[in-house]
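Chemist: Sharing a structure below in C-alpha cells format, with a few things to ask.
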Amino acid sequence: MEETYLLNVEGVKKKILHGGQGELPKLQDGSKITFHFQTLKDDFERTVIDDSREAGIPMEIIVGKMFKLEIWETLLSSMRAGEVAEFWCDTIHTGMYALVSRGMRRIAEGRDPLEGQKHRCGMGNMFDYHSTGYDDLDELQRMPQPLIFIMELFRVEEPSAYKRDTWAMSKEEKLAAVPVLHSEGNRLVLRKEFRQAAAKYQEAVICLRNLQAKEKPWEDGWLKLESLVTPLVLNYCQCQLELGEYYEVLEHTTELLQKHNENAKAYFKRAKAHAAVWNEREAREDFLRVAHLDSSMAAAVKKELKQLGERMRKKHVEDQKRYKGLFQPRQG
C-alpha cells in the first residue's frame, strides 16, 4: 500500500507504506508517542543515517516538551497506530537534525547527551560551528539537506495513562508530585527499605530544583521551594547514613550548610558521617556546633561524643598493635 500525500505543511511529502488502524491520534501537551524511525539521505543510495531498531528500543517523545525537531510531532500526528510511513522533508525542517541525532546516539551509547556542550546563548551557537563528534553528522551540520524519515507508530498515550518522568511534568504536576514522593519515602523508611526511600526523596528534590531554576535566587518563590527541599535532602542523607554512604552524606550536607549555616540537623548528620570515616576533629566540631545551635539536641550530642571517644581509643589501641615491632630490627 503506497499512497502519496501532501500534508498541509510546506516542504513535506508523505507516503504510506503500511496502513494503520483506528482513528488519528488526538495529541495534547504531555501525550507520549512511541515509535521506531529510520533516517535516510535523499540521495541515489538512500544512505541510512540513523535507525532506532539498531538500538533495540523504540523512540519516545513527549508532546509539547520542546523536542528540537518540531516537524516530527507534525509527521506523527498524521499517522494511525500500526502505520508505517515515509516522509520527505525539505531543508527548512531538517536543519537541527544533526544536533538531535547526536543526543540520541549518546544516550544509546550510555553517555551524557550534553557532554562537551558549551554553555552559551542560542544565538552564539547558531553562528559558531562545533563538531558533533560524528563525521556524518558534522557533514549534515555544515550542509543541511532534505532528509527522508521512515516511521512506524506504535502508540500514543494520554498524559494520565503513564507514569511520567519528572522532566516531562508541568509546574503544577511537579508541585503535586513532591508531597506524594515525600510520603512514599517515609513509608519505605519505616520498612527499612532505605535505598528505595532515598530514590523517592531524590526524585522529589529534582522536581523542586527544576522549579527553582526558573526563580530568582533568594527571592520569595525561590525561598519557598528551598524550604521544601531542605527536609527532603536531610531525609535523603539519613538514608545514606543507614546505607553506609558516608561521603555522599558529607557532600550533600556540606552543600546544604553553605546556604543554611545554622541548620543543626545538617551539622548532626555531617558529624556522624565524619565520625564514620575517622575524621575525629571535624566530627567533634560539628557535634559541638549542634549543641550550640539546638539545646534540645544536647543529650544526643553527648551520647555521640562519648561513642566517638570510645571508637577513637579502640582504634588507637588497634593501630598500636598493628604497627608494633614494624620498625624493630629482625632477630637472627
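Easy rule for this one: first residue shown is 1, then count along the chain.
The backbone N, Cα and C atoms fix where each Cβ goes, and this holds for glycine too.
Annotation source TrEMBL lists domain 'AIP/AIPL N-terminal FKBP-type PPIase' at 30-154. Residues or ranges marked as region 'Disordered' in TrEMBL: 313-332. What TrEMBL records for 313-322 is compositional bias 'Basic and acidic residues'.
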Chemist: Helix, strand, coil: count each for the residues of the domain 'AIP/AIPL N-terminal FKBP-type PPIase' (30-154), based on DSSP.
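Modeler: Grouping H, G, I as helix and E, B as strand yields 40 helix, 33 strand, 52 coil.
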Chemist: Kindly state the mean pLDDT of the domain 'AIP/AIPL N-terminal FKBP-type PPIase' (30-154) in the predicted structure.
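Modeler: Mean per-residue confidence for the domain 'AIP/AIPL N-terminal FKBP-type PPIase' (30-154): 81 out of 100.
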